[in-house]
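Visitor: Could you have a look at this structure, given as C-alpha cells, before my questions?
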Amino acid sequence: FISKMGYPKQTQVQVLPESGETPLFKQFFKNWRDKEATDGMGVAYVPNHIAKIENVPFDVTVLHESPAMAAQHGMVDDGSGKKQIWRIENCEKVPVLESHYGQFYGGDSYIILYHYKSGGKQGQIIYTWQGDDSTKDEITASAILSAQLDEELGGGPVQVRVVQGKEPAHLISLFGGKPMIIYKGGTSREGGQTKDANVRLFQVRTSSSGFSRAVEVDNTASNLNSNDAFVLTTPSASYLWVGQGSTNVEKNGAKELLKILGVSASEIPEGQETDDFWGALGGKADYRTSARLKDKLNAHPPRLFACSNKTGRFIIEEVPGEISQDDLATDDVMLLDTWDQVYVWVGNEAQEDEKKEAIASAYKYIESDPANRDKRTPVAITKQGFEPPTFIGWFLGWEADYWDVDPLERAMAGLSS
C-alpha cells in the first residue's frame, strides 16, 4: 500500500488491536465513538447525530510522558549473541562475509538474524534493513524473504523493519564494539562494488545504548558538530576530527572506522584545524559549535513533536526513536526540544493556524514540564530551508538539498529505480 500510494519509504506502520485505538488514530474518524461514550456531563450519544468538529485546545502536559521513546530504545541484551547477515541480490539472500559485518550500503537491503536469551529462553530478532537507494525490487524481496525466514523458524522471531537512518539502539550494538557503518549510497555486491568518492566524511555518534554509529555525510564543513567525532578521507591525507563535546566511545569508534577503511589519520582536536583540512571540506563554514556535555544530553535527549490540525483539531504527537531529517513534515509545524532551547520549525506547506497554535504550545510545554524547566527557556522559530547550524546539528546526516526535490517525486523515483 505504501509503495502503491507513493509514500516515502520510511513511512512508519503502526498496528493497533481492536479497542486499543490511540487518540491520534481516532482523530481521523469524524464520527468515532467509544463504547458507552457520552458527551458533556453524561448526555447520551445519539448515533445519527454528528457533532461539528471544533478547535479544542490541546493539553500539552501529556507530552512529558514518553513510553513510546522508552520502548523504541529497548535492549533485549548487550548485542553479543549469534548473528547472520544476508544482502539481497536478484531477489535472493546472499550471505555477507563476517569480516564485513556492520557495514551497510545505501544502495543495498539486508536481513540480519539475531539470536538472544531472555529469562532462560531462546529468542530471535529479524532486522530488515533497507537502504535509501535500494531498488523497489530489493525492498520488496527483503520483506518477502524476511517473512519466509520467520516461517522457517516457526513464526517465533520478532520482525523489525529498519529504514536507513532510523536504526534502533539494539541493532547498532550488534557489532562487537565496532561502529555500525552506513555508507551514503552504493553497493557491496560481488562484482558490482561502488567506487569510493575521492573525499569522504563520516560522522560518528553514540546511540542511547552506548554503542557508536558512523554515517557517511556530505563532505562540507557545515556538517561538523562539536558533540561528535568525524573521519575525513582524501587521496592525499586523512583526518580524525574530535569535537569538544565528543566522547571516548565516539573517538574510539572513529579509530575503528579508520582501520576498516584501511587508512591512517592525523588527529585534529576542534579548534586546531589546518588549512588542508578546511580545504578538503571546501572551506570553513558555520556548524554546531555549542558543545553540550554528554551526561546532560543523556539526561535530556532531544525530543521532536509534530503539530497538525488537519483533522479539525490541533494535536501534537511525539516522533519516536532517534530523530532524523525525514521526520520533518513539510506540511506541518514541528517542535524540537533540546532542553536549553525549544525550536518551532515551520514547514513551507504548514497552515497559518498550525503556526499560531504551535508557538503558543511551545511556551505551554515549557511551563507544564514536571522537571521544573526555566520559564525563560528561549523559543526559536525557524523556517524550512533556513535552519541555523544550532538546529541542524541535532540531526545526523543532514542534507542541505533534501527538499529541493518534491517528497512525492523522490518517493516515485525510488519506486521506479
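The first residue you see is number 1, and the count goes up from there.
The backbone N, Cα and C atoms fix where each Cβ goes, and this holds for glycine too.
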Visitor: May I ask you to find which of GLU352, GLU354, GLU357 Swiss-Prot records for the Ca(2+) 8 site already listed with ASP331, ASP332?
Guide: GLU354
Visitor: Based on Swiss-Prot, name the residue from THR128, THR187 that is recorded for the same Ca(2+) 5 site as GLY107, ASP108, GLU138.
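Guide: That Ca(2+) 5 site, as Swiss-Prot gives it, pairs GLY107, ASP108, GLU138 with THR187.
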Visitor: Per Swiss-Prot, what member of GLU216, GLU250 joins ASN227, ASP228 in binding Ca(2+) 7 at one site?
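Guide: According to Swiss-Prot, the candidate sharing the Ca(2+) 7 site with ASN227, ASP228 is GLU250.
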Visitor: With every protein chain in view, how many other Cβ atoms are within 10 Å of the Cβ of PRO157 (Ca(2+) 6 binding site)?
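Guide: Total other Cβ atoms inside 10 Å, all chains included: 20.
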Visitor: Name the residue among the binding-site residues ASP108, GLU138 whose Cβ has the smallest number of other Cβ atoms within 10 Å.
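Guide: Checked ASP108, GLU138; of these binding-site residues, fewest Cβ neighbours within 10 Å: GLU138.
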Visitor: I want to check the contact list for GLU354 (Ca(2+) 8 binding site): same chain, sequence separation of six or more, C-beta distance under 8 angstroms. What comes out?
Guide: CYS307, SER308, ASN309, PHE314, ASP332, VAL333
Visitor: Specify the secondary structure state of ASP331 (Ca(2+) 8 binding site) as given by DSSP, simplified to three classes.
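Guide: Looking at the DSSP assignment, ASP331 (Ca(2+) 8 binding site) belongs to neither helix nor strand, so coil.
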Visitor: Sort out for me which one of ASP150, ASP332 has the most neighbouring CB atoms within 10 A, since those are the binding-site residues we care about.
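Guide: By the 10 Å Cβ neighbour count, ASP332 comes out on top.
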Visitor: What is the set of residues, excluding GLY107, ASP108, GLU138, THR187, whose C-beta falls within 8 angstroms of the centroid of the C-beta atoms at the Ca(2+) 5 site?
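Guide: What remains near the Cβ centre is ARG87, ILE88, TYR105, GLY106, SER109, GLY131, ASP133, SER134, THR135, GLY186, SER188, ARG189.
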Visitor: Let me know how many other Cβ atoms fall within 10 Å of the Cβ of GLY155 (Ca(2+) 6 binding site).
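Guide: Looking across every protein chain shown, the total is 8.
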